[in-house]
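> Dropping a structure here in structure tokens format, bear with me for questions.
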Amino acid sequence: MDPRLDVISEEGEDQDFSRDPVPVLNPAAERRGRTFQRFSVSTNDSLRFEPCEDSSPSPTGAEDGHDEDDVFRRGGAETELLSIRTRLQDKVSEMENFAGHLEEIFLTVEENFGRQEQNLEQHYNEVLQTLSQRYDERAGGLEEEKKGKLEALYAQLLLCGRALDRSKDLIEAAQEVRRAPDPRLFLKTVVPIMKRMEDFSREEVDFSLSTSEEFNTPLADLSDVKTMMDSINVVPAPSAPVINPQTPNSATQTSLRVFWSLFSDDTVEFYELYYRPVLEDSPVDGTSTPVSKVKVKETHCRVTDLLPNAQYELWVTATNTTGISPASEKALYVTVPSPPVMKQRESSSCPEAARIRWESGNTNPVDSYTVELRETGSDGTETGTTECMVGVPTCQCVIQLQAGLQYLVSVRAVNIGGASDRSDVITVSTTGTFFHLLEDTAHPCLSISEDSFTIFYGDEELPISAMALDDSTFTRCVAVLGDLIPVRGRHYWEVEVDEDTEFRVGVAYEDTERDSYLGTNRTSWCMRHIRTPSRHKYEFLHNGWSPDLRITVHPVRIGLALDYERGTLSFFNVELQQHLHTFHCHMHTYVHPCFSLDNPGALSVHVGMEAPRHAFM
């Protein structure tokens, strides 16, 4: 970094460039007692500040040789100074970034040099190894040829020695015969000797060499060495590419955008990207899964015609005129999920909040969900902007809302590839409390209507052995729970039942005993209707106890008002707006609405209406 820039930066940081606002009513008083500063920019880009001597203000409020516009000129100068300082700081930042880039280039050059040096050393080692092999082969051939020549000469030398020995023996025998004193003995022995000498003289002796003293010198085949030497100056085959991990929002439901990288000095003609789906029932090595291939020239590619929310295994190779690189390491990419499936009937709401439920709609797990909601008017038109809740980990969430409004709610599934399309939209109202009945808690003798708001108890009794029971099912009391939203606030709903039906309605904890009647334990509070021959009897039961109350008018429609903050559960005759009874209880956790039929009949639940004013008086 230029040292002048450090000086500029340090001087700029030491100076106070803040300027108090100039009062409009009395600018002269603002100037009084202040030391102005002027600045200049020298040719070496350094800033120089020089204090100016104070001048006594004139009685008219203007300084000698200056008018009141000097204050504004000073302000303009300070603004210009700030602008210069900003530009210099930007320049310093750019130079620092450039220096960082140069450092990266330096490291890249070092890495490339090291790889080139290693490549060159490898080539020359291969050439030397090949030449050494050729030398060993040639030396071995010469040694074998030398051995053959020497053995031939030695055999010929042995033959000459034997011939010389025979000649010597014949000569010595002839001399002995010639020196014999007895003529008869001479005549007797000379004939065989002469015959032997005649036979020996008729034998042909080969005086030519059996081998040449020269060695064969065939031309050595060094074509492969020449090819290797030439390959040093040829572009090498690319090294294996490096496929990048999947980046966020790089996919759609049917496509993936894949990126990879290669060493900067490798020459590449084209790349081939291979991919195949990772299926649950496919073997680990993926041998039975068909592989697709895309040929591109860039270091990125968009793969299309894929399955939604599916994992794909990808790898890539690089090719040039010399050859094909090794394959990259395999990487896993995933396409965007399919839209979730909303569960309208299993969603619940109250004036302060709503609990939305949905199904994933995907075989592979997703990372999270995004819930989108938009406020609507009474005619269904959108009246506000879209709000989002991101990072929801499960297939349900509770949203805080404003009372008395309607909302359009949808959900998107999110994974690393991106967000899915929007699910079907459901309407949520915060006018009142809305919930559905939990069918898995219903006694086997109860039937629930298609709209999930009416329960029926028939005349036919089922034996215990024919009942499908589990841990959440009521086994003694013919009852069912409602799925009230877990929000501590005010909740209101109504129940409609004819006068001949015996029933129990109220609230209970989720873990209330399934083999006992509602109101007979510490975990439930209920209103009970008993039909006697003489009258209608009503009890408000908790832990088996009820106050002594008499209700003269049979309520056909009963309102229930639950107030968590006040710890009350109240019952009303809706038609007469008559208060029947209030439980005062401290509910340490959330409760569920509960409904029970003690004799054959039907009971209807009404939800979603606005609570009447008298319900929470």
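Each Cβ is built from the backbone N, Cα and C atoms, and glycine gets one as well.
What TrEMBL shows for this protein is this:
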REGION    1-75  region 'Disordered'
COMPBIAS  37-46  compositional bias 'Polar residues'
DOMAIN    241-339  domain 'Fibronectin type-III'
DOMAIN    340-433  domain 'Fibronectin type-III'
DOMAIN    415-612  domain 'B30.2/SPRY'
> Would you report the average pLDDT that the model assigns to the domain 'B30.2/SPRY' (415-612)?
91
> What are the helix, strand and coil residue counts for the domain 'Fibronectin type-III' (340-433) according to DSSP?
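Counts, helix then strand then coil: 3 helix, 49 strand, 42 coil.
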> What counts of helix, strand and coil residues does DSSP assign across the domain 'Fibronectin type-III' (241-339)?
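Its residues fall into 0 helix, 40 strand, 59 coil.
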